[in-house]
Structure formats: structure tokens, C-alpha cells
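Novice: What follows is a structure written as C-alpha cells; I'll ask about it next.
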Amino acid sequence: MTFELRAAFAPCGDQPEAIAKLTQGIRNDVQSQVLLGTTGSGKTFTIANVVANVNRPTLVLAHNKTLAAQLYQEFKEFFPNNAVEYFISYYDYYQPEAYIARNDTYIEKSLLINSEIDKLRLSATRSILERRDTLIVSSVSCIYGIGSPENYASMALELKVGKEYPRTLLAAQLVKMNYQASPVAQRSTFRERGSVIDIFPAYESDQAIRLEFFNDTLSSIEYSDPLTMIPTASVASTIIYPGSHYVTPEAVREQAICSIREELEERMLFFHDRPVEQDRLFHRTTHDIEMIKETGFCKGIENYSRHFTKMPPGAPPACLLDYFPEDFLLVIDESHQTLPQIRAMYRGDLSRKQSLVEYGFRLPSAYDNRPLTYEEAQKYFHNVIYVSATPGETELNESQGHIVEQIIRPTGIPDPIPEIRPATGQVDDLLEEIRKRLSKSQEKILVISITKKLAEDIAAFLSELDIAAAYLHSGIETAERTRILADLRLGNIDVLIGVNLLREGLDLPEVSLVAILDADKEGFLRSTSSLIQFCGRAARNVEGKVIFYADQKTRSIEQTLKETERRRQIQLDYNKANNITPKPIIKAIFANPIPQGGKKESQEPAKTPLSIKELEKLIKKFENLMQEAAHEFRFDEAAKYRDKMKAAKEQLLYLS
């Protein structure tokens, strides 16, 4: 299949030229290009057009889950008939294994896996192996090891009508693929009923596979509704993919066990004069080997990944990037933040594992269960488009002059010129500006502070004045961060104060004021790049305004003013030449995801959007009702609850 772009609008402004240049660059095998696009200029739409033009498997890399979720939703709308997939960390909670030598404290790995995201990850790898019209939106999880595509593909099970498959052997093979025999219809399971085997793929929630046999001959394959098992399609063949990225063929597993034992013997000699470490490593590793022999799996199996892939020590791990063909297109969104993040991943992982290996908790091969280094990741940059309003030196150097500007916004809204006010008395002045905007409906304010403490103090000060305010910084747990961002989008918060709000992807049309406190304190978050990015947060609103609270004009402020004026003039000239009046983006933040039906519901007043906690409760409620209805053979009713649960999960995924 080819990529089929669906949009209710055509490219305009700078977009047609940007699309043409980027497309031609890829066709001419230009390795690196930069799309320098202002906030609100439609960069995602431009990339979607390029993807449709070049028709290659595509990986879009975002620097956090929030941005990845936004991009995933947008690309799904642009390519409804293609495989748009989502690949991020599937941990709702993750405490990595660690050892603190100074106080002899071992911290065992603790985690909570999000089943829905696990399904999406498996769906992503299935799609990229099966079809070229695949676009995967990913966080930096794509550079972490997940098991080799060769092992994963070799464990896939191809079934054809008319061929013989002894059912006992088929069931055993499904177990090896990480499927469980269960009477309950849920993903990663299968069930046998007479001459029928129903399989519920690990990467699907809307489709089951029903196999019917005559003796051991496969007589039919039907795709079915997983609740009602009513057939939706009949096919001559199908492929069932494993329920985990870490499954391996038996021969590979046996070879890996031998290799692990050899490394263990070497390490026993290393610890000959350290009996505590020697005993600890021997018992831990021996237990893991026995688990792998018996079940094909053990806790922390990823630490032995090198033995399964037969790679030499220090070799890069197999990751999502290895699942793509060589001619894939890589799009790095917000590259000025994403590239530094890729650089940082390896160093953080290495420092944690050093003490685990040194004190006998892990074999040295655990070092190879890691993210790629930046240099290793670069080897996959065959055709890459860096996307940013403020690209860094790395991207500019790599692109060797292949820089495509996209300054003009389809909305006609020019960049707001930052107003500079004294830093002395900045909080009182800010309060007055906030009150002006809160007298208007639906307007939001972003405040950028210089420290976490100041963000907390301002939020407390505003809250005492009955202003709906909250602070956001790195000290807040992920779950709470998610809730705060959701409340901002849902309208429960009017003012958000933070130190680095750029990382949150807050491009809201409702933001009419961005205030940067202590803007003259030169540093990472007061650099030219950061200041321009902050200004862009107000460029989606016709009334958008930016205030720099500064007692002096720093070099970064001067460069920001110069670049902002340049971009503003380009937009104004375009508006004048094309008789365009700036207009705001009309976009609903969130709608109630639960389908409404029936006379009674239609007469109820419109419900306010649901919070994350409310959605989680609702999902659990619908899941229980669905299972209860299915157990009582009320399949039509169960299907309705299934659809409601799916809609709620999609909304929760977007909020998260």
C-alpha cells in the first residue's frame, strides 16, 4: 500500500515550497535536512505531505510522551487508511535495579507495565515487518534494546488453510510465543474448544483469529469480533506474531544458556578473593538460567540480551530502529531538545550498572542491555529531517546548508514582539496582567520562572487570590505531572508556572500571555533558542502577548528580538499581499470520549470533560460490565461496553 493523505485543507503559505524542497532532497538522497518552522506554521502537515510524496516507512521521533501522543493523534487523522503506530515506554511506573555501595543498599527493579501501550508497541513492530505504509511515532524508547527483529520474526507463526498443524504442537508453539491458554477472551491468550482454536493476538484488541480444523487439517481462518466471535473476514492465510519482543527460538535459547554459563565461570574466577560477591552472582545467575530453561523467560532477561543476539561485548543492542528497512525516513521533532536527550541516555544507564556489575549483582554482559550511544544512533540517520523552530548547531552542521524555512502561519498570526519590563516588582505587574486576561473567557497564561521554589511560591500566591494556578517542574512525579497537564487542557487551571515548560509541548490556542520572569539571567533556559521557543507559545492566539521581565538587554534577548521581528515581518508582508486577516485556531481541547445515545442521555446537559482519575475508573467499570455481559452471553451488550472502554482508553492515552 501507499500512504494516502487525508486533509480538509491544502498546503498554503510556505508549506508548498517546503514540501517540494524536502521531498526533492530525499529523492536526491540528501542525508540531512532541517525544517526550520515557526510554532503554528503547520510543520506536522508539511511532514505528512512529504511522507505521502516519498512513500517510505517513517519514524517520527519526539523527545517526550506528551509530544509523541499529540503527533500520533495528528498523523492518525492525516493517514486513516495507513498503519500509524505509537511506540513509547510501556512503564506506568519504573524503578530500575540499582546498588548503592556507600550504605550497602540494593534496590530491586520494580515496575508496572501499561497493557495498552504494550499492545501498541507490539502492533508497531508487527506493522513495520508487514507493510511499507507504516509511520511510527516514538519517544527515545526507540534506541533501547527490545530483542532482535530476526528472532522476533522467526518466532512468528504463519498459518495456511489446507495445511496440517497437529493441535497439541500448535498450542505448544503458541506458549513459546508468550501466549497463555485461557478461557477468558483477552489479548495474548488462546483457547481450544473441540475442533476450534481461538487466538487473541497480543497486538490487537479489536480482532480475534478463529481456526477451524478437520482432524489436524486447518479448514478455515476467520477474523472475528473478540467478544461475540462473529466473523468479520475469512482469509486463506495469516501470520501470528509473538506476545513479547524477547521471545527466541529454542536453539538460540540453548546457545544463550551455554554462553551465560561461560561468562559466569569467568566471573567466578574474577571474584575468587571476594566470596560475598562470588556467592551472590552465582546464585542469582544460576536461578535465572534455570528459569530460562524451564519457561524461556526470567526476571531481568533483558540483561542477558547479548547472549541471545550473539553479538560481541560492546556491540549496539537491537532496537526498534533495526526493524525498519534501510531506506526509511527519520523525522526528529523538536530536534534541539531530542538530540541532546539521545546523547544523555547512554551515560545515565552506564553509571547505574557499574555498581551492579562491580558488586556481583549482574554479569558484565548487563552493560549491553542499554540505549544506543549518540554515535551508534547516527548510523541510522540515512535520510533525516530535523524539525525545529530553533535548530541547534548539530542539526545545522549536519544539514550542510539544506535548511528549509517555514515562517508563514496559515492563520495569519504574526510572532508577538516581546515587551520588556523591569524585573523589579515583576510579580505584582504579572498579577495585574493575569487579572486582565482572566476577565476574558478561555484564556490561559504561562509563566516561566528561574527556579522551582519561585514557581511554587507564585502558584501559592495566586491560589490564595482564588486564581486557578499550578506549578510544574522536574520534582513532580510523572503521574501528578500528567494530571496537571490534563487539568490545564480541561480548563481546570488558568495559570501554569514552570521552569521549563518547553518540554511539555504546550501549544494551546487559548494561551494569550507568556511571561518570562528574570529574562536577563543568561543560561540554558534564557538562551536565544529558549526565548524564541517561549515566544512561540503565544503565537497561536490573535491577542498573544509576550513579556520579558528584565533589567537589562542580554545578548540572547537582543537576538530574540531581532529574529522575532524578522519572522513577524515575513508574516505581515504575506498577509498584506494575500489580503489575509489573522484568525485564531478554533480547536476543542477535549470532548467527552464516551459515546452518548438514547433519549435520556440526549436530554441531559453536556458533561464536562473527564479527568484522568475519572477516566481510569470508567475504564475499569466498562471492563467489568463487558466481562459480565460476555460471561452471560449478552454479546451485543458486551460489544457496546467494549467500544466505550476503547474510546475511554484512547482519551486516556491522549491525556497521558
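Even glycines carry a Cβ here, placed using N, Cα and C.
So Swiss-Prot says this about it:
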type    : residues                                               : note
DOMAIN  : 24-409                                                 : domain 'Helicase ATP-binding'
BINDING : Gly37, Thr38, Thr39, Gly40, Ser41, Gly42, Lys43, Thr44 : ATP binding site
MOTIF   : 90-113                                                 : motif 'Beta-hairpin'
DOMAIN  : 426-589                                                : domain 'Helicase C-terminal'
DOMAIN  : 616-651                                                : domain 'UVR'
Novice: Using DSSP and collapsing to three states, where does Thr39 (ATP binding site) fall: helix, strand or coil?
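Specialist: It is coil.
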Novice: Tell me which of the binding-site residues Thr38, Thr44 sits in the most Cβ-dense spot, judged by other Cβ atoms within 10 Å.
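Specialist: Answer by Cβ density within 10 Å: Thr38.
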Novice: Around Gly37 (ATP binding site), how many other C-beta atoms are within 10 angstroms of its C-beta?
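Specialist: Step by step: centre on the Cβ of Gly37 (ATP binding site), count other Cβ atoms within 10 Å, giving 26.
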Novice: For the domain 'Helicase C-terminal' (426-589), what's the model's average pLDDT?
Specialist: 86
Novice: For the binding-site residues Thr39, Ser41, which Cβ has the most other Cβ atoms within 10 Å, all shown protein chains included?
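Specialist: Counting every other Cβ within 10 Å of each candidate, the maximum falls on Ser41.
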Novice: Taking the center of the Cβ atoms of Gly37, Thr38, Thr39, Gly40, Ser41, Gly42, Lys43, Thr44 at the recorded ATP site, which other residues in this chain have a Cβ no more than 8 Å from that point?
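Specialist: In sequence order, the nearby non-listed residues are Thr46, Ala389, Gln406, Arg409.
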